[in-house]
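Here the structure is laid out as structure tokens; the discussion comes afterwards.
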Amino acid sequence: MNQEIMNLFNPTTPAQVFDQIRISIASPEKILSWSYGEIKKPETINYRTFKPERDGLFCARIFGPIKDYECLCGKYKRMKYKGIICEKCSVEVTLSRVRRERMGHIELAAPVAHIWFLKSLPSRIGLLLDMTLKDLERILYFEYYVVLEPGLTALKDRQLLSEDEYLKAQDEYGQDSFTAMIGAEAIRELLKGMDLEKLEASLRVEMQETDSDIKHKKLAKRLKIVEAFRHSGNKPEWMIMTVVPVIPPDLRPLVPLDGGRFATSDLNDLYRRVINRNNRLKRLMELRAPDIIIRNEKRMLQEAVDALFDNGRRGRVITGANKRPLKSLADMLKGKQGRFRQNLLGKRVDYSGRSVIVVGPELRLHQCGLPKKMALELFKPFIYSRLDAKGLSTTVKQAKKLVEKERPEVWDILDEVIREHPVLLNRAPTLHRLGIQAFEPVLIEGKAIQLHPLVCAAFNADFDGDQMAVHVPLSLEAQLEARVLMMSTNNILHPANGQPIIVPSQDIVLGLYYVSIMREGLPGEGKIFGDMAELEHALHAKVIHLHTKIKYRWQGMDETGKVSTRWIETTAGRVMLGNLLPKNPRISYEIINKLMTKREISGVIDQVYRHCGQKETVIFCDRIMALGFYNAFKAGISFGKDDMVVPHGKWKIVDTTRTLAKDFEQQYNDGLITHGEKYNKVVDAWSKATEEIAKAMMKEISATKKTASGADADINSIYMMAHSGARGSPAQMRQLAGMRGLMAKPSGEIIETPIISNFKEGLSVLEYFNSTHGARKGLADTALKTANSGYLTRRLVDVAQDCIITQDDCGTKLGIKMRAIVDAGTVVASLGSRILGRTACEDVRDSSGKVIIKRGTLMEESHLDAIHQGGVQEVKIRSALTCELVNGICGKCYGRDLARGTPVNHGEAVGVIAAQSIGEPGTQLTMRTFHIGGAAQLNEQSFVESNFDGKIVIRNKAIARNSEGHLIAMVRNMVVAIVDADGTERATHRIQYGSRLHVDEGDTVKRGQRIVEWDPYTRPLLTEVEGTIGFEDLVEGQSISETLDEATGIAKRVVIDWRSTRGGSDLRPAIVVKGKDGKVLKLARGGDARYMLSVDAILSVDIGAKVAPGDILARVSTESAKTRDITGGLPRVAELFEARRPKDAAIIAEIAGTIRFGRDYKNKRRISIEPMDKTDEPREYLIPKGKHIHLQDGDVVEKGDFIVEGNPAPHDILAVKGIEELAAYLVNEIQEVYRLQGVLINDKHIEVIVRQMLQKVEVTDQGDTDMISGEQVDKIEFDALNEKAKEEGKKIATGTPVLLGITKASLQTRSFFSAASFQETTRVLTEAAVNGKVDPLEGLKENVIVGRLIPAGTGASMAKIREVAMKRDKLILDEREKQAAVVSPAPEAELPALPPAE
């Protein structure tokens, strides 16, 4: 009885406790064990009584009562009859909730195939039986018989027979001499009769014997599925169903609408079809109907079951009454609207509201303004409870009334309730974790939420109508997490790069910039002030100006913490700013005693955060915000038309460029340059002109003008806005007052005629049209970009979601080397910036060999100076890529938590942070693919200047002096280095083939001196020997054509594709250099002086011409060598993460050796490499014709050199150079795209993602393990199996790492939940079921899906505590068992001492 009473108040059944979930194929017995009864009728509910029909789809006898504790006929009502089964209507008296849990079943009259195992590729049934899908369908859909048992006849096992052949065979051999069947029964018999163990053994033998690659792959696939069935305990015949489960009725409800109609779930329709056809089939079989009718009915039953499980996978989609496809069971799970993504991974929550946001400049950083109306609604339950506690109301109803009337005491209580109760603000789209932050609410009038201006950058919010959502954390734990982890004051640094994100912008920056200006010659210059009061007095009395240069007695703090005083030259404005700085010995006045631009302010905030901590930083930020706003208002900076100054020299520059463009046109007409070259040169000239005009304009605008009295005049307002970083950029100013410049077409090409006017002068009609042309594409791009960027983020999160910091140190000795990234001679990422916050993997030594940083040290800002001064060129650091933990990453390999500036904590979800950091700036990236030629990424570099003073050192030197007396680079791998006085290398430049050097080995250079230059638009072919020119196989009309440029009538000789001309297939066009005797000269490196020509080469020499080494024989315009598009922006990032092979992939030399040209095929050229290492095999490469090969016979290549230029395929880099090189390549390429947009992302984020892409190993030799060579195995699994083999003394397997794209890697994670909720749900679940996969619930997604705390953050520590508790429980239970075993009435043994808590 007591139990019953207890149940009254606690009707919930305890949740199942589990730590793994397994998925497998359900056997017919299993389905029957779930079922509470068979459904025999297709009826749902009675149209008059609205009660469910007996044995129908909603039957109360099978599924349970409709009302709580009430049977259908109403004989038994209420709790006291709980558990009784009514004798009249056979309904159990219980909770109606069981209708959500109880299942039914349908006994099928004929077996049917489960469509997922039949049609989901690869077809599992087909693989097991080794039959094609086409044949299977012919059997299943009753077209062909299949021979099961040929007996003594001439038929073969599993031979297909058509109706006629079957009858003929019966006539010929007699009815019982062989067995052949048709339909699902036949397949079921075949599957039932399989001996998997025997099959596995024979497949293994066959695999060892076969030589064919294709056959090996096919056998491996089959072997894998056979093993899967053997190990999972699934039986193959279960893929053919004899019983169909029916899901509980409340999960496919029938809802009455007003007007007496019903809305029903599509599943009911689908089940109805199955039941109808099944019943009809039963009746026909009882009636002994003709075979043809029964067969047709069986086929229809198969189709009905197919539609129920996966509508539209086979045949046409079954539609409902309104021509809409019915939603089958598979559709319930699939896609954005499916169960996984709609309800399990994304839920709507209560206690939330949303409203428009407005600016709240008087708020503190940790506050937000919450409208009273919203607060009242959100905190209602809290208010009710307080009213009750204070005795102001006795019932909830009374409290409700009080609140509705908005009585004064309610407002007082609301104040109490929200005090120190943080709320979460969220702005969609939440692209990174800073899109949700916690604030303390401040009650305000009005209906809009007030937001602090400094957090706008993190939310990416502005006040043009943005809305934000408010969520209330209810439980104490939630409030604690909100306050400790999510409070806006805790999110000062950006997780992507560790820079401050609480940075003033726009008017604040403008105000601070204005405050910090210093001008010469203003009243009161040179006056001396002792303290702030004097200064303010003087300002009010207008004795001095805010910008006057003055002397001030500054009180700072020295190293000991004592106050120190000194005189400084500054301005009144800067003193105001200095007074806001926290007092700290490491923070000097100098950091603000300069013109404060946005960048400078960010630097100051960073310094304050590093030296003074979070609290001081927050106070400082609030103060400078107030100062900035106030002074922006005081300054009265405006935007006037006269502030846009059109430079005086504009038209002169325009005219010169016009003449230049005319010259190029003329050169083209004279045939000196090609059309492509002319286009490039014209575009270049106009780019330069635009730049020059912009420079002239900036010079005029930024120049300090003098007033009549000789003082500095006010600075130009527009210049102030752009220079301070408040709004606008030099590029926009150029369009306002310089010239608009070149415009792009929607295709990305650049229009040759520029827009010469600017917006101040106004555009002509033609110019206006040209400018709208490209701008429209920009808008269309933006819309596409958002979707694409979101999808990239989703894939990244999915691949990295289970990357969590699980330990402090994995103890690995591995790491990756970091160097500064130098692009075209300028350092784009210094060594210091790349290793900050990472752990040293080895001792770092300076150039003298002294250890300056010990291994295992986390690099702080202080270490960077030591590295810089020590002249260290590269540092080996720990990386996520080389971390040896099985699950997750260790803290040492990850390094510093960028958002906190401290070593990373346990349980930090670094994978998700990495994904967000890379995905969030995705919307800022461009979408376009650049076509070469055009100012989009022009300013092609054509020279290198020295950035340092020093001496020249040349490595791999090969220089020739050509007939004009210039030094020419003759090899591709020559490097020029600049070494300073100490012998430290300051810069290295790789020199292009054919470049002209201005310096030689040992020369001294000054900073800014030109070292080399080259023609960026052509690739030359140079001779290495002196002699006379001869031609080989250059036949007019076959391999060479004198093309007359149609515009000019001037001839130039171009090599044409000789293989496509008649009789030209055997030609090998070349230029040879002959000696005095008329014979072809020999080269020093071996081989003849014969230079093969590629298609589109333009000859620069004639027969009989004299040449010197280094002279150009022919040139290939890079137009044709480089017509490939440069994929830029988002598509490039996606391409790299997906590890796609680029369209024109570079061909990489797998070994070091000598190039040899072999015999050519019809449309391929054969190149082989003779290895240096004689034990190696030579490698052959086939290269499509028309590809420009810049190597000659006899050239020496290193391992990893490019044989054909292009983007290398990441897989090739991994295969040839290994993981470290691959990581370096991917990190640099991805960073380059982001760098172009000025987005900073720390390398470690990209490394985390790349680590996830390298989780698989391809087995090359299976050894004595169960693995199959050629299959891809998880690294962890691979190591585990090898360990096992080692212990047993067997031969271990070998494998090579494989690079998977992020989509593929997500689908191949160990967790099937995670993969199924990502993409291709059916395929993933089918495969998981066949393999009987177990999901260990280790990642974040799986745990969210099953409704648990995620194993990261606070969830990780909870998991740890739970683990300890379970260990202790086990100890106690074991001890109890021991005591129970000792039956003797001895005194109870002491309980064991508990292990100390971890």
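Glycine residues also receive a Cβ, built from the backbone N, Cα and C atoms like all the rest.
The range from 79-100, 145-166, 1311-1332, 1377-1398 that Swiss-Prot describes as region 'Disordered' is residues 1377-1398. Record check: Swiss-Prot places C883, C890, C893 at the Zn(2+) 2 site, and the matching candidate among C803, C810 is C810. A gap of 65 Å separates the Cα atoms of C86 (Zn(2+) 1 binding site) and D464 (Mg(2+) binding site). The most densely surrounded of the binding-site residues D462, D464, D466 is D466 (count of other Cβ atoms within 10 A of its Cβ). For C71 (Zn(2+) 1 binding site), the nearest of the binding-site residues by C-alpha distance turns out to be D466; the candidates were D466, C810, C890.
For D466 (Mg(2+) binding site) paired with C890 (Zn(2+) 2 binding site), the C-alpha to C-alpha distance reads 40 Å. In sequence order, C883, E884, L885, C890, K892, C893 make up the list of same-chain residues 6 or more apart from C810 (Zn(2+) 2 binding site) whose Cβ falls under 8 Å from its Cβ. Listed in sequence order, the residues of the same chain lying 6 or more apart from C73 (Zn(2+) 1 binding site) and placing their CB within less than 8 Å of its CB are C86, K88, C89, V91. Neighbour counts of Cβ atoms within 10 Å were taken for the binding-site residues C71, C89, C883, C890; the minimum is at C89.
Within 8 Å of the centroid of the Cβ atoms of D462, D464, D466, where the record puts Mg(2+), the same chain has further Cβ atoms from I357, A461, F463, G465. The Cβ of C86 (Zn(2+) 1 binding site) has 20 neighbouring Cβ atoms from other residues within 10 Å, across all protein chains displayed. For the Zn(2+) 1 site, the Cβ centre of C71, C73, C86, C89 serves as reference, and the other residues of the chain with Cβ at most 8 Å from it are L72, G74, K75, Y76, E87, K88, S90, V91. Every protein chain considered, the tally of other Cβ atoms within 10 Å of the Cβ of C893 (Zn(2+) 2 binding site) stands at 30.
The Zn(2+) 2 site is set by C810, C883, C890, C893; from the centre of their CB atoms, other residues of the chain with a CB within 8 Å are Q807, D809, T812, R878, A880, T882, E884, L885, I889, G891, K892, Y894.
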